[in-house]
Amino acid sequence: MEYPRSRILKIYDILNKRYPDPRTLLHFRNPFELLISVILSAQTTDRQVNEVTPGLFEAYPDAASLSRAEQESVENLVRSTGFYRQKAKNIIATARQLEDVHGGAVPAGMDELTRLPGVGRKSANVVLGHIYNRPAVIVDTHFSRVVRRLGLTQAEQPEKIEKEIALLLAPEFHTRFSMVINYHGRDLCLARRPKCGECPLNTLCPWYSEKPAVVLRE
Ligand code: SF4
């Protein structure tokens with residue numbers, strides 16, 4: 001099996017053809033909506049988030065209005081996404097910080113973004129990659145599982161995975177690579193029963209060629 005650096009571009013090319021339009025599945029119309037949607041997406045599905053955000057953004061269309069919202073009102077709007085008390089608290093506090101520190105806008109830096117309540121590196125990278133076209137390795141559970149199976153990293157900590165993958169690829173490919181790997185994790189490289197037989201990467205995948213007896217979970 002070739003080294004990760006020589007396989008990763010082949011993997012990228014194959015997945016790019018398979019997933020030609022790998023946009024985030026979250027619905028948004030502006031940076032504020034993407035930022036709030038990403039915070040709400042913790043521990044739930046994008047579909048669940050997309051179900052609540054039309055109502056949320058109708059009531060609170062921007063940072064100014066959300067910063068003044070009552071906690072209970074926001075809780076009711078985001079309840080079905082789970083952890084709704086903490087999420088409501090985080091998005092109101094984030095909106096206040098946007099208003100107080102950033103003039104109501106979503107900042108374009110990793111440090112500023114990760115200072116917002118409820119925003120970790122993964123969420124910040126989603127915003128940086130999709131809104132600001134910055135190189136962003138977006139490490140979620142799908143991404144972690146797939147890149148580890150593909151032998152592109154052995155790391156387990158998201159931040160270490162992010163750094164190791166970033167070193168293997170030119171920056172201009174980071175965001176799109178993240179998205180095609182994410183799509184592949186939802187499509188074929190599933191957590192419990194990956195569809196290796198129909199996977200276009202199986203000749204490049206050490207996990208498949210070694211045929212492990214135990215399925216690697218997320
Ligand atoms: S061959 Fe199997 S384990 Fe490897 S990337 Fe494809 S689906 Fe995932």
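Glycine residues also receive a Cβ, built from the backbone N, Cα and C atoms like all the rest.
Annotation source TrEMBL lists domain 'HhH-GPD' at 40-187.
Its Cβ taken as reference, Cys196 ([4Fe-4S] cluster binding site) is surrounded by 16 other Cβ atoms within 10 Å in the chains shown. Under DSSP, Cys196 ([4Fe-4S] cluster binding site) is assigned to a helix (H, G or I) in the three-state scheme. The [4Fe-4S] cluster binding site feature in TrEMBL is assigned to Cys189, Cys196, Cys199, Cys205.
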**Report entry** Cβ-centroid neighbours of [4Fe-4S] cluster site Cys189, Cys196, Cys199, Cys205, 8 Å, sequence order
**Finding:** Arg149, Leu188, Pro194, Lys195, Leu201, Asn202, Trp207, Tyr208
Query raised in the report: With DSSP helix as H/G/I and strand as E/B, how many residues of the domain 'HhH-GPD' (40-187) fall in helix, strand and coil?
Result: 103 helix, 0 strand, 45 coil
**Report entry** Nonlocal residues around Cys199 ([4Fe-4S] cluster binding site), in sequence order (Cβ under 8 Å, 6 or more apart)
**Finding:** Leu188, Cys189, Cys205, Tyr208
